[in-house]
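Straight from TrEMBL, the features:
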TRANSMEM  16-34  transmembrane segment
TRANSMEM  46-64  transmembrane segment
TRANSMEM  70-93  transmembrane segment
TRANSMEM  105-131  transmembrane segment
TRANSMEM  137-156  transmembrane segment
TRANSMEM  202-222  transmembrane segment
TRANSMEM  288-309  transmembrane segment
TRANSMEM  329-354  transmembrane segment
Amino acid sequence: GWDEPTCVQYAFTERVAFVATLFFAVMAIIGKLMPKLHDQGWDLKFIVFMLVLLALMWAPSTIFDEHGYVWFARVFAFIFLILQQIILIDFAYTMNDYLYKFNQWVLLGASLFLYAASLTGICLMFVYFKGCRSNEAFISLCLIAIVIFTIIQLLSNPELGHNLLTSSAVASYITYLTYVAVSSNPTGERCNPTLSDSKDTLAVFLGMGMVLISLVATVYFASTSMTQLLNAPDGDAEAQSPGNEQLTRDLLTGDLDQPSAGVAGTTSGRQSFNVAMRDSMMGSSNSAIVLYFNLVMLLICQYWCMVLTNWGDSSASNSNSSPAAGDVVMWMNISASWVCCLLYIWSLVAPMIFPDRDFS
């Protein structure tokens, strides 16, 4: 059930996320139509943001809780997780190609390390999170999935890009998601030793610290990588060029509004390149990158709102040392691990099912 402080915290977080969602939706439209306005007038934008937030403080809670906005946030936060998984799998394939050319022993060592970490995590979960059927089922399914996609990968044609490093990376990732799921099980301390009502300061600090670190890392890395992913759905080399990557970084750091006049004689070479690249890519034909950037930020808003409110779960345990515990967060994370397995297995079997298509 709810206690009053938690109710206030969740209500405020949901209102801030709702206003941020509106903000990035409007910025996406502006960025598509007039991309040069993206980094202008931030004083006015901030004032409008705060006024809207202040006005919504008196709005009915049913607009933002499980009867309204929270379900929108859950759906799009889950979409955000799926995009993260696509990027992870693609990155693992890329790293395998790089390490294969660099040093095959390093490739083998990295794969064995990730598999060892995954197996160790599964063993520890069987030891410390036993006692209820749901946890034991989640851990068992994780182990079975790893065995299945590893066998498929080993039996597949290596020329299609299937590799042990990708399998080991996915294994480690779904093991992590399974741990998050079982450690969020609100059943009780009998099957979840991290669930405690203790007021221990260190436990509370570590619990909230992990949430903060993960959010900061998510905002920076996901905003750059996902913008590139959405901007080039067909693998367009031009859309994934270093210029677009630099433009995305400028969107994050606020460099788009720097003057371009007289650049050649007064700025460094790197600054000249940044400004020239910005001026050449901010035309209407490439304004889509600003649109996609703001859409990614909109998705991130939903994700951090769900993380900070236990995915909007009103039945959460409210444990001090396990701030992210509840039925919804448990099922969201275990579902994300299953989706990741399906995505990777599809990447393995798709070239066999459709041999005439180019999956490179």
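Yeah, the Cβs are placed from backbone N, Cα and C, and that goes for glycine too.
Remember, TrEMBL labels are computer predictions, not curated facts.
Sequence-distant residue pairs (6 or more apart) of the transmembrane segment (288-309) and the transmembrane segment (105-131) include fewer than 3 whose Cβ atoms are under 8 Å, leaving the two stretches without contact. Outside the transmembrane segment (329-354), and at least 6 residues removed from its termini, the chain residues within Cβ reach (under 8 Å) are 74, 77-78, 81-82, 85-86, 88-89, 134, 138, 141-142, 145, 148-149, 152-153, 156-157, 160, 162, 166-167, 170, 173-174, 177-178, 180-182, 184-186, 306, 310-311, 313, 316.
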